[in-house]
Amino acid sequence: MASSMGRFLLFFIALRGFLLEASGDFGSGASRDDDVLLPYSRARARLARDCTRVHAGRLEHHESWPPAAQTAGAHRPSVRTFVSYFADRAVPGHLTRAPEPLRTFSVLEPGGPGGCASKRRATVEETARPSGCTVAQNGGFFRMETGECLGNVVSGGRRVSSAGGLQNAQFGIRRDGTLVTGYLSEEEVLDTENPFVQLLSGVVWLIRNGSIYINESQAAECEETQETGSFNRFVNVISARTAVGHDRKGQLVLLHVDGQTEQRGINLWEMAEFLLKQDVVNAINLDGGGSATFVLNGTLASYPSDHCQDNMWRCPRRVSTVVCVHEPRCQPPDCSGHGTCMEGRCQCTGHFWRGAACDKLDCGPANCSQHGLCTETGCRCEAGWTGSNCSEECPLGWYGPGCQSPCKCEHQCPCDPQTGNCSVNWSPTLSSLFSRVKECFPPPEVTVQAEELSLLTRTTWLAITLALAFLLLISTAANVSLFLGSRAARRRHLDGAYVYHPLQEVNGEHPAAEKEQLGDSSNPFKD
C-alpha cells in the first residue's frame, strides 16, 4: 500500500512537473500579460481610426536627417546603464548609441521572417539570438489578442505590415542612410526612388528637431481619443518605457527604462526631457509596460514587469517586432547582386558598379557624353556615336548604335550615321564636307586592301616612269650627238678645206674653153 502510494505520488509530481514545464510555470516561461499599457482603449482598438488617414501627397510632418560620414573602426554600439531620479523616484534603465544605423540597425519580425504575416509572438531573446543582435529591445505595438503587428513595418527592405495611411509616429531608415522621424503618408512609405529599408510605427512623437513635441503629437495622432481619457493617461502614467531616435551625430539611440505601470518607471514627458539631455534630436515612443524588454548579447538584462504563471517570478512578454543593433552588415545583404559583402561593406564587382549598395552604374565623369547609356559593360552608344565615352561620330561608311553597321550605299559612299539613309543630309561637319565633294570612302577593311593595291600600282608606275625617263635620256643624248656631228661638218665646208673636182673630169669631158682652143689650132682657115 505504501509503495503504491509512493509510486502514485511520484507519478503525480512528474506529471505536474511536465505540465508546469510545458506551460512555462517555473518563472522562465510565458508571462501573464498583466502589465498592459495601451494608448487606446481595447473597445475602440482604432479599427476605424479616430484620426485622419493620408494616402497620397507628401506631408511636412516629418524630419529627415542625412546619414553621418562613415568612420573606420567605429562600429560597436555604446551601452550605458543608469539609475536616475525622476520626481524622487529611482529609475534604472539602459541607453544605447549605435553608429552607422544603416548597417548596424534592423527591425525584426517576431520569431524571424514571416512573423507578422503569421501573427506570431515571441520573446525578444527568441527573436534576437538567431539574428546575432548585440543589443535588442521590443519594438512596435501589436494586438494582444491576435498577435497582429500594428502600423508600418519594413524589415530588411521588405514591407511586412501596413498602417494604411494612419498617422502615428514613425521611425525609419531609407536606402541611402537618411533617418526619417514623424508622420508619413502612404505614398511616402511606398516611395521607390529612395525606399525604406527599416521602418516601424510607435505612438507619440517625443522630440522633434530638438524640442519636446508631445502636445502636438497628441493632437495629430488622435484628437477624439483624448476625450475618453485613455490616451492622456497613456502619456502621463509612470511605467516601463522604450524609445528610438537619433542624436546630432546621426547615431541611432535606443532607450529602455524599467518599471511597472502606476508603480515604477517614468511618463512620456520625463522620458522626453531625459532624451533631450542626451543630445537626442528626434525620437518616438515604442511599446512599453510589460512589453518593455532589454536583451544584451542574447541574454535578458532588464526586469520585466509581467508576472509569470507563478506570481513569485517575473517573465518577459512575448512581443511583436524587435529593434536590433548588430555588427555592421551590408545593405542589402547581397550588395544588389553586384558585389561581395566584406566586413559590412560591399565590394562591387565589375568596372562600372558603384555606391554603398553597388546599385549605381557609373561610366566616368563624361557619363557617356550624353550620347549613350551606361551599362555594366560600359557605355552603350546611341546611333551615330562610338568610342568608350560615346564622344566620337561614326566614321564615313558606318552607321547605327556604336557605328556597328556598314553603309549599304553604292560605291561605299557615306550614309546618315544614325539611320543609314544614303541621302546624306546630316548637320555640316568634316564628314559632310567630304561627302559634298563626292569623296566616298570604303570601310576600314576595304581601305586597307585598297591601300595595298594603291601601293602596288604606285610602284609599277614609278618603275615604268623611270624606264621611260631612261629611254628619253638615251634618245636625247643620241640626238644631241648627231646634232653636234652635223654642225662640225658644216664648219669644215665653210673654212675651204675641200678639193675641187670639175664635173667634166669626173664624166671624162673637157671644159668648153679648152674645146675652143683645141678647135682653133686645128683649123687652118682660122684667123
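Cβ coordinates are placed from backbone N, Cα and C, and glycine is handled just like the others.
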Record-annotated N-linked glycosylation site (source Swiss-Prot) among candidates N367, N425: N367
Site from N389, N479 that Swiss-Prot describes as N-linked glycosylation site, others unannotated there: N389
Among ranges 178-185, 194-201, 346-353, 498-505, whichever one Swiss-Prot labels region 'Mediates the interaction with AP4M1': 498-505
Cysteine of C116, C222 paired with C149 via disulfide, per Swiss-Prot: C116
Swiss-Prot annotation (motif 'NPF internalization motif') - matching range among 3-7, 368-372, 523-527: 523-527
Partner cysteine of C374 (disulphide bond, per Swiss-Prot) from C363, C381: C363
Rounded inter-Cα distance in Å - C381 (disulfide bond), C374 (disulfide bond): 9
Residue among disulfide-bonded residues C133, C308, C324, C363, C374 with Cα closest to the Cα of C149 (disulfide bond): C324
Integer Å distance between the CA atoms belonging to C116 (disulfide bond) and C308 (disulfide bond): 25
Per-region confidence, the topological domain 'Lumenal' (50-463) (mean pLDDT, whole number): 87
Residue, out of the disulfide-bonded residues C149, C315, whose Cβ gathers the largest set of other Cβ atoms within 10 Å: C149
C390 (disulfide bond) versus C374 (disulfide bond) - Cα distance in angstrom: 10
Cα within 10 Å of C116 (disulfide bond) - qualifying disulfide-bonded residues among C133, C315, C324, C390: none
Residue among disulfide-bonded residues C116, C308, C324, C390 with least C-beta crowding, 10 angstrom cut-off: C308
